[in-house]
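Notes follow once the structure below has been shown.
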């Protein structure tokens, strides 16, 4: 029986289920953005990269869960992530201009097909048993940690502009809660590959909320000739999830959107 479902691990099941719920709602965060795209029949400059990265993250973690076996709660949330992110990407292809479609296609071929295929072959052909799980686990950890580079750019932006509009509190809170829940789940099932990335996720979440509290009543500074804090329309709507899952998003810029698409296990899980 899966560790997360076993009656001998009721707390693991509870945190895993809660993690699924939080991560699932995070996956749904971009719905307002895509409704806007549908209504306007245009992607309006929104980036596809966060969704492509979120899809890759879900693919990677579900592969890890299947190889490890008995990780039902990781499989469910990442399976949902694959379906939801795929729908977003299909919609993006429908309404994006030719240049954006070509760029997205190249990114998907390189990341979701080429890189994921290489990981698949590398782990299946060169490793067996526990060594395969360990190798794949560290690959998942490395990818999850690399995704946290995006929030760093947002934190820098908040400090420069003295404006928290670049970093909605709800996103920071969601990031923190998701990281805590998935860290505890990883801890309880004794899976360091699930737990470790969320330590970083929790740290970033606390820092972001602390910055929000510090700058929420500050007067925004002027940056690059514009009033700081003014995001492109719809900026707050974009969230990315990266779990083993978690992802988040913000402005139309790739950096902001990547913050929001942060995978559940990895913060998505």
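Glycine residues also receive a Cβ, built from the backbone N, Cα and C atoms like all the rest.
TrEMBL does not curate its annotations; it predicts them automatically.
TrEMBL has this to say about the protein:
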type	residues	note
TRANSMEM	12-37	transmembrane segment
TRANSMEM	49-67	transmembrane segment
TRANSMEM	73-95	transmembrane segment
TRANSMEM	107-127	transmembrane segment
TRANSMEM	133-154	transmembrane segment
TRANSMEM	166-188	transmembrane segment
TRANSMEM	194-215	transmembrane segment
Criterion met for the transmembrane segment (166-188) and the transmembrane segment (49-67) (at least three Cβ pairs under 8 Å): no
Most Cβ pairs under 8 Å with the transmembrane segment (107-127), selected from 12-37, 49-67, 73-95, 194-215: 49-67
